[in-house]
Every structure is written in structure tokens, then in C-alpha cells.
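Structure first, then comments.
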Amino acid sequence: MHQDTLHIVILGGGTAGWMTANLMAARWKDKNIHLTLVESPDVAVVGVGEGSTPSMQNFFQEIGVAESEWMPECSATYKNGITFEGWSSMPGFEAYCHPFPSQMDTFTFPQFETNCQLRRHHFDVDTHPDRFFLGAYLSQNSKSPKANYAFPFDHPHGYHFDAGLLGKFLRKKAMQRKVKYVQQHVERVIQRENGDIASIEFRDGGTLEGDVFVDCTGFSALLMQKTLKVPYIALDDVLFNDTAVVVSTPVDMKHLPSETRCTALKYGWVWDIPLTSRTGNGYVFSSRYCTLDNAETELRQHLGLLDADVECRSVKWKQGRLQKGWTHNCLAVGLSQGFLEPIEAMSLHLVYCSIGHFITEFEKGKFTTQYQNEYNRLIDSAFDSVTDYIVAHYRLNSRRDTEYWKDNAANPHISNAFRAIVASWMGASQNSLADALKRYDTSHYFPLTSWLILFAGYGVFPAQAQAQPLQAGMQSTDMQALDNFIKRCASNFDTHQATVSAYHS
């Protein structure tokens, strides 16, 4: 190999592999870099999620692909946020929406924060987050997140899509960028004396050398775990869910939702993801508390499919992450790096951030230990921050109808950061919630707004005997004026069905 040419080998396709190929090809288009993606024809691609955060907007913008090009090919729809239903038994807080942040929050978030602080001090004010955010209103009314040209404010959004189709689309775009595609089954990984990966050997006897290897082999983690023996930090005692049973149902295009729905059941929760071709449904549960057969029955009952002749399939996983996401000359991306249940649809967000952080740190110092350590610190922090926010759903909701929910609520295996965040909110600490988030560096992925929405969405406030009326001279939000403001803003957005149909026509 020539010293002035960097050969990068991506092992494994799927969404993670092809995102890696496209983003590296786009950011390093002017560098002397050769990208090769190797995919085994014998290995099925796992699609554990079909939703995203707004980070996918950034990804497609970086690789120069318009929504009108990729969305029709991937049965894609828009996503304003996630609605959580059935997690709380508290009157008035049976459901809430966690919308994506937008510029409009500048006008409404201060009022939400003020009311939340008043409620923390036992004053009787409205704090349900659905009343304060444009994204929640758009979700509830099946509106598109795409405003007309007269509306000057940016409104970020996520997507719903068919993961298999997205992988195929990204493969096509990567090959157009001159990424070499090799369909071969890897039989052996060859290491150098220092532990670096030198090459991979194929079933037909051929070999492929590389300077950098990216492990996108999914849960098998062929390079990182099986070859380099990087330890895996399991989160079984923190997050109980380890299985999903999934089934597709027809989609109603006349009333196309623009949100993901997460509905709590006896032993976990169900996702409801609307595509243009179908609705994806999956019951995420813990096999310690529920058998696969019972979970399938509960899912079918929830969807009205008890007597329907439709097939369900299941996916198993082990929640956790690698001790190091970058070691020697190998980087892990996607499921080989780690997995957290898709309740907040952060999987592809973590993929995008992992690739971006690697490119940044590698450009600073190639394989220098200092920059590897900084990359690993950033990724560890990302996984830990997302884990804490997921844990919050299980610790702070008020469901207690099964041992599963009781054990989640009483689970002692929580991080110091999560403990401090809750203490700051519930009044056991003099520090504010914002201070706690800053102190533990957890707000990059879920900022103050998200934490306030979660606390208020579940109706979690310091206990009091009875809410008090506002005292003379105290001001709270004029809720009627706020309602009118949000409705006026929402009038600039078409229905979700109309926007999506325009792309798919």
C-alpha cells in the first residue's frame, strides 16, 4: 500500500455500514482515501428501528441527498416527535408528546419553564408539555413539519422509514461516490504483531488489506469483540428489556400520523411507526418477566390481531456498549458498538455522531492515543447520557400493575448523574436541574427542555398536600393566548398526508 493513500475497509453493510461509507466519502472527498465496504451474502441485515431524530436531516444534507429523492424510495414519512401513552396513571398525564426542539421554542419554552418552577413550588398552574410546544400540536393534529414559504422559522424533524430500503438506497449513493463494494464472506482476520488488524481473508481465498477497519458487523462484532477482544459493558441490571416481537399492519394514508407512538403495556412498550407502505409495530419487553408467546398474544390483542393471519417475528439483543469504540486501527459503528432500546430512536443518531467524532479526531492526530482516548470519552458520554434518559422513563412513570413495572421503579442500579438530576428536580439538592445537567455533561443529547418535558409529562413534581393558587402579584402563562399563538403558527403547516403524497406522487 502507498503511504500517501489511506485504505479504509468497512466490514458489514446495513444502515450503519452504508452511512459510514457515505459520510466518509462526502467529508473526505478531496482526500486520497480509498473506501471499500465488504458485506457477506450469507448474513441478514438486522433492522431494529425505523425512526430517527433530526440528525438524519444533517446526514442527508452532508451527503447531498434531497428528501424528494430518498423518501419515496424508502417508504419514508416525517416525524415531529414521540408520544408516550399509558405510562402514567396520574389524571391529566396519561399521555404526552416529546417533540423535537425548534426555533419556535424560543417563544414558548420560557413560559413552560416558568410554570414548571411554579408547580415545583406547589402552585396550581398548567404544566402539561403538550400545551407549550408547536411540535406537540403538529403531532396531535397529524400535521407535516414542513412549513410553507411564508413561515420564517426552522422546524427540525425526524423521519420514519423502511430500514432495509434505506440501506439499499445508501448503498447505491455510496457506489456513485466510488465506494468499492465487495460481496464476500470473511473467514479469517489477520493481525499484526502490535495487535492492529492487517487484513481480512475471504472464503474464496482472497485477502483485503487496510489501514483503518470499521466494524459494522452488528451484534456479532467480528472485529472488535471476536478479534480484538474488546470487553462489552452489559446494562442488563439497568435496562431490563432484551426482546422485541414485531408485526406490520396496514397504514391509513388518509390520516397519516406524523409521530411515533410508544404505548406502555404489561411488560414493556409498543412502538407504532407509520410508513407509506405499512405501519411498523413492535413490542419491546423483558424475557425475565414475559415469554415470547405471551408477548405476541399481548401485542396481537393490543392491535386487534388475535384472529388475524399475520406473522410476527422476534429480535433479541443485549443492551450495553463496548468498553472502547475505537481501539488499535479499528472503529465500531452501529450494533457492533453497542445497543440501547429504541424508545428514543437514538440508534442512527449515535451512528452519525460516532462517524463524525471519528473523522474529527482522526484528522487531528491519526492513530495517536490522545485522540483515540478523546473519541472514546465522547462516545462513552453519549451512551451514558442516552441511557440515563431511557432509565428516566422507567423510574419516573407511575405504572405499578405488574412486577416488571414495580421492579423498574425500584431499580437501584442508576448512575450518579441520574441520581443528581432527579434530586435537583425533587428538591433534595440546592442545585438546579440545569446545573446538574451541566455538571455531568449530559445535555448534549437530551437538553434541559427534554428533561423538563419528561418530568412534567409524567406529572412528576415535589410532593405537596394540595396545590395552591397563585399569590397576588405573581404571574403565570396566559394559556389561552399561548393556545392561540401555537394554532396560528400551525396554520402554516399542511397535513402530513398532503406533504408526503407530494413526494410519492
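Even glycines carry a Cβ here, placed using N, Cα and C.
Annotations in TrEMBL come from automatic prediction, not curation.
Residues or ranges marked as active site by TrEMBL: Lys79. Long-range Cβ contacts of Lys79 (active site) within its own chain (separation 6+, distance under 8 Å): Gly51, Ser52, Phe100, Pro145, His157, Gly158, Tyr159, His160, Ser258, Glu259, Thr260, Ala345.
Look at Val186 (FAD binding site): DSSP puts it in a strand. Taking Cβ-Cβ distances under 8 Å and a sequence gap of 6 or more within the same chain, the neighbours of Val186 (FAD binding site) are Leu11, Val38, Ser40, Ile200, Glu201, Phe202, Arg203, Leu222. Sequence annotations record features per position, and here TrEMBL assigns FAD binding site to Gly13, Gly14, Thr15, Ala16, Val186, Leu335.
Among the features that TrEMBL reports, 7-chloro-L-tryptophan binding site is placed at Lys79.
For Glu344 (L-tryptophan binding site), the same-chain residues 6+ apart in sequence whose C-beta sits under 8 angstroms from its C-beta are Thr53, Ile82, His98, Val386, Tyr389, Ile390, Phe446. The L-tryptophan binding site annotation in TrEMBL covers Glu344.
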Q | Tertiary neighbours of Ala16 (FAD binding site) (same chain, Cβ under 8 Å, six or more apart) | A | Cys216, Val333, Gly334, Leu335, Ser336, Leu348, Val351
Q | Neighbouring C-beta atoms (10 Å sphere around the C-beta of Thr15 (FAD binding site)) | A | 27
Q: Measure the Cβ-based neighbour count of Leu335 (FAD binding site), defined as the other Cβ atoms within 10 Å of its Cβ.
A: 23
